[in-house]
Structures are given as structure tokens and as C-alpha cells.
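Participant: Structure incoming, see below.
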């Protein structure tokens with residue numbers, strides 16, 4: 001496995017690769033969900049590139065940029081074991097040698113709702129760095145996890161509307177045996193909070209099952225789920241049933257749906273979703 005810290009080095013290595021290339025962007029602090037994406041990528045390409053870059057642009061003033069764990073050595077060991085051929089790990093000066101003046105501004109309808117309401121400019125930062133990574137690596141395939149469902153929707157639309165020559169492949173959410181979605185932020189939970197954390201999944205599953213059984217009173221289901229979390233010390237930001245395609249409120253009864261949630265448990269904000 002080769003580790004590249006400069007754009008020039010990565011591009012030279014990319015030029016020497018024959019066959020299909022897959023990119024899996026990460027911010028490091030890898031868990032089994034990331035590794036599942038790497039293994040999934042092997043089914044779509046001959047060579048896998050994983051990026052490790054903690055992107056300041058997608059962190060808000062109250063987010064945890066400085067607190068985000070950096071575990072580079074352990075990450076590289078896991079990536080090599082998963083069959084990754086190249087790691088692109090630039091520092092901030094390499095990715096942003098001067099303050100970034102050009103950005104990708106996603107459609108307001110996609111980024112002022114749900115996560116966008118609570119994290120202004122987050123998706124602007126995500127879309128900007130991902131487009132930059134796609135331009136650097138020039139992969140045939142890029143993989144993103146469904147756990148960040150709104151991010152996946154934004155990036156899929158960005159790639160389509162900007163005619164980027166890459167196939168976006170979604171990866172299923174990987175969960176602990178108790179249902180908690182794997183996330184780098186789970187490490188912030190105390191022992192007691194970790195026991196409580198799967199309740200977020202259970203509330204989502206309850207909404208999903210009710211809708212599958214024919215309940216179309218989405219507001220009632222959302223309100224009950226919020227109350228169920230709040231009764232156990234959570235501080236929910238939202239639980240919402242939305243259309244998968246654009247995360248707008250459901251319309252036609254045949255629209256494929258997803259239920260999404262974000263809530264704070266102690267000092268840790270968790271997000272999750274389930275397709276219906």
C-alpha cells in the first residue's frame with residue numbers, strides 16, 4: 001500500500017494504474033463501517049484509493065474539528081488489511097494552499113433542511129472537498145455510506161448535475177449488534193450513554209414499521225418518536241419521514257421513503273436513518 005501526502009504524488013500513481021479505480025473518502029478514525037465500504041469497493045474496481053483528510057470547511061463554529069480523533073497509523077493498518085492500494089492523506093496546506101475562494105453551493109432545497117438547518121454551510125464544505133478529491137483522484141467509482149443519507153443525496157445530485165465522470169455507489173449502514181449505527185462519534189459516548197444510544201435506532205425502526213403497515217400520519221409518528229427520545233434524556237433535533245430522492249415531505253403514496261433522525265445524547269450528536 002502506498003501513502004501519498006501530495007497531489008502530485010497521488011496523480012503520478014493514478015496515472016500508472018490500469019483498470020478501474022474506486023475512491024472512498026474518509027476523515028480517518030476508521031471503524032468497521034468504513035472498512036465495509038473498502039471491501040465493497042473491491043467489487044467495483046481493480047484498485048482502491050482511500051483518502052484521509054479532516055476537512056475544516058465542513059465543520060461549523062460549534063462543531064468538533066479540533067476534537068476529531070486523528071488515528072492515522074491505526075487507520076493505515078486497517079486500510080492495508082482491507083486491500084486498499086493507495087492512501088491519499090494530504091495536510092491542510094496541501095488541500096488548501098490558500099483560503100478557498102471557490103466553493104460548490106448545493107441546491108438550497110437540499111441543504112437548508114434537516115442537517116442543513118442545524119449545520120449551516122456543512123454541505124457546502126462537503127461538496128467542495130469531495131469535488132476537489134474527485135478532480136485529484138479521477139476515480140471511476142466513488143463510495144459513500146447511507147448513514148449520512150443527506151450527504152449521499154447531495155453528492156449524487158452534484159455529480160449528476162455537474163456531469164462528473166464518476167459512478168456514485170452507496171454503502172449500507174453497518175450497525176452494532178444492538179442496532180447502533182457505527183460512527184466515529186460513538187467514541188465520545190460515556191459507558192452509560194453507549195447503553196442508551198441504540199434507542200435512536202429503535203425509534204426509527206418503530207416509525208419505519210408503522211409506515212410499512214400503512215400508517216400515513218407522519219406527523220404523529222414523528223412526534224411520538226421525538227417524545228420517546230426526550231423522555232430518556234435525549235435532545236432531538238428532528239425525526240422526519242421524507243422522500244428518498246430529494247428529502248422533501250412525502251407526496252405520492254408510491255414515493256420511496258426514508259426516516260431520518262438527529263439527536264444529542266449528552267454532548268454527542270448522533271444521526272441515523274432507515275429506508276422504508
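Cβ coordinates are placed from backbone N, Cα and C, and glycine is handled just like the others.
In case it helps, Swiss-Prot gives these features for our protein:
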type     : residues                     : note
BINDING  : 27-34, 145-148, 174, 182-185 : ATP binding site
ACT_SITE : 34                           : active site, proton donor
BINDING  : 58                           : beta-alanine binding site
BINDING  : 58, 151                      : (R)-pantoate binding site
Participant: Which residues in the same chain, at least 6 apart in sequence, have a Cβ under 8 Å from the Cβ of residue 151 ((R)-pantoate binding site)?
Facilitator: 115, 123, 126, 144
Participant: What is the Cβ neighbour count of residue 174 (ATP binding site) at a 10 Å cut-off, with all protein chains included?
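Facilitator: Other Cβ atoms within 10 Å of residue 174 (ATP binding site): 18.
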Participant: Roughly how many Å separate the Cα of residue 30 (ATP binding site) from that of residue 58 (beta-alanine binding site), to the nearest whole number?
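Facilitator: Pair distance, Cα basis, whole Å: 18 Å.
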Participant: Please give me the CB contact count at 10 A for residue 58 (beta-alanine binding site), counting all chains in the structure.
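Facilitator: There are 21 such Cβ atoms around residue 58 (beta-alanine binding site).
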Participant: Measuring C-alpha to C-alpha, could you say which of the binding-site residues 58, 146, 174 are within 10 Å of residue 34 (active site, proton donor)?
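Facilitator: Of 58, 146, 174, within range: 174.
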Participant: Would you identify which of the binding-site residues 27, 30 has the most other C-beta atoms lying within 10 angstroms of its C-beta?
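Facilitator: Output for this query is 30.
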Participant: List every residue in the same chain as residue 33 (ATP binding site), at least 6 positions away in sequence, whose Cβ is under 8 Å from its Cβ.
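Facilitator: Residue 33 (ATP binding site) has long-range Cβ partners 145, 147, 171, 173, 174, 181, 182, 183.
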Participant: Residue 184 (ATP binding site) has how many other Cβ neighbours within 10 Å of its own Cβ?
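Facilitator: There are 17 such Cβ atoms around residue 184 (ATP binding site).
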Participant: Counting Cβ neighbours within 10 Å across all chains shown, tell me which of the recorded positions 34, 146 comes out on top.
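Facilitator: Per the Cβ count within 10 Å, the most buried is 34.
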Participant: If one measures from the C-alpha of residue 27 (ATP binding site) to the C-alpha of residue 58 (beta-alanine binding site), what distance in angstrom results, rounded to a whole number?
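Facilitator: Just about 11 Å between their Cα atoms.
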Participant: For residue 174 (ATP binding site), name the DSSP secondary structure in the helix/strand/coil scheme.
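Facilitator: Looking at the DSSP assignment, residue 174 (ATP binding site) belongs to neither helix nor strand, so coil.
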